[in-house]
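Q: I am attaching a structure below and will ask some questions about it afterwards.
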C-alpha cells in the first residue's frame, strides 16, 4: 500500500480518527496495530521478518544492559540484528553468481524497508550499549519504534531516544502541528506525483535503452534522473513526516534543498539526513572520525561511504557510488588550503553570489556523476551510459529538440515538466536555510493558503493518470 494510493489515504484517515478518539494511554497501541496491519498487507512472510528483527533487537537491548562496556557483546547483538538484512540482500546475489538461471528454483523477495528498520534496531542497540538510553522493557512500545507505519518502508531512520520518548509521553492534539503536517504532506505529494512521476517515463526512455536514442538524450535523461530521484524520495519522506506530525509526533527533517549545496560535504548534510547522521554516529565516529591523522580520516570516509553504498545494494555500481562520494569528501578535506589560496588569487569573494553559484554547479555535477552509477543496473551498464553520452552530442537547438523528442517529450509535456521543476526549484531555494515547514510557517497566512491551493491544483491536473510508479527507494 503506497502512500500515493487512495487506499492509504483512507487507511490513514481511519488511523487518525481512532488515534485521537481513544484515551491517551491507548494511542501507542492504535499506532502499533495500524503498523502491523500496514506491513501485513505486504505478506505474512515479510511481517515475520519484521517481527524477528524486533524480537532480536529487543532481547539484545536487555542483554546489553547486563554487559555494558563489552564491545564483543555489542558486536554479537548487532550482528544478530543485521543477519536478516544481510541474508535477504545477498542471497539472490550469491544465487545469481553461482547457480545457473536454468536450474534456479526460486529467489527471495527482499522485505520492503528492511534496510531502514534494521538500521533503527542497530541504533537502539548502540545507544543502549553506550548507556545513552536505558533498554526499553515495554515490548509493544519498542515494536512501535521499529515498525511505525509512516517510516517502516522508506524512513526516515529516527533515533530511538527521540521517537521512543514521544511514544511513551501523552500527547494532546496540537492544531498548529497538524496544519504543518498536512502542508508537508501536500508538498510531498506534489514532489512525488507531479515532479517525480512526470519525469519517470522520460528518464526510463533515455537510460533503460541508451542505444536507441542519441547521446544528448542519454545525458538529459541522466540529469532528469537526479531531479526525479530527489523528488521521489524527498516527497515520500515529507509525506511520512507529515503523517507523523498529524499523529502528534515531532520528526526531524530528512531533506533540505540538497541541490543548493556548495560542497559535497554540505550535500550530505542536506540529503537523506537521517542516514547521513546514522553513518556518522555509528560508522564514521567509531572508526575514529576526524580525531586522527588526515590519512586515517580519509580512509574512514571511504569506509563509511562504502557502507552507505552497500546499504543501498549489492552490485558493484553501488560500491563505486559510495567510494566515489567518500573520495569526494576525502579530496575536499585534503584541498582546503589549496582552494582557499585559489579563491584569494582570483580576487572573487568566496561567499559572493557568483562564487556560491559556481560551487553549487560544481557540486551538482559531482553528485550527478555519481547518480549515473546509482541508476544503472550494473557497473558495466553505468560505463556504457557514459560511453553513449558523447555520441552525436550537440547543444544546438535542432539537436536539443531531437534529443527531447527521442525521450518522448512534446511541447505540452515540456511546459508541464518545466512548471513542476521550476516550482520545486523556487520553493527549495526559498526554504534552503530552514526547511520547508519552518519556511512556510514564517510566511503570511494568505501566502500559505495560495501555495497550498496551487499545489492542490497541480496534483489534480498535472499528475499522470493511473497508478503512481513504485517509489525508487522501495528496492532498498
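Every residue, even glycine, has its Cβ placed from backbone N, Cα and C.
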Q: Name the residue range among 299-317, 318-336, 337-355 that TrEMBL annotates as transmembrane segment.
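A: Going through 299-317, 318-336, 337-355 one by one, TrEMBL flags 318-336 as transmembrane segment.
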Q: Quick test of your reading of TrEMBL: among 12-36, 37-61, where does it put transmembrane segment?
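A: Of the candidate stretches, TrEMBL labels 37-61 as transmembrane segment.
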Q: Using a Cβ cut-off of under 8 Å, list the residues of the same chain at least 6 residues beyond the transmembrane segment (403-425) that approach it.
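A: Beyond its ends, the transmembrane segment (403-425) has Cβ neighbours at 190-191, 194-195, 198-199, 201-202, 205-206, 212-214, 216-217, 220-221, 227, 231, 454, 458, 462.
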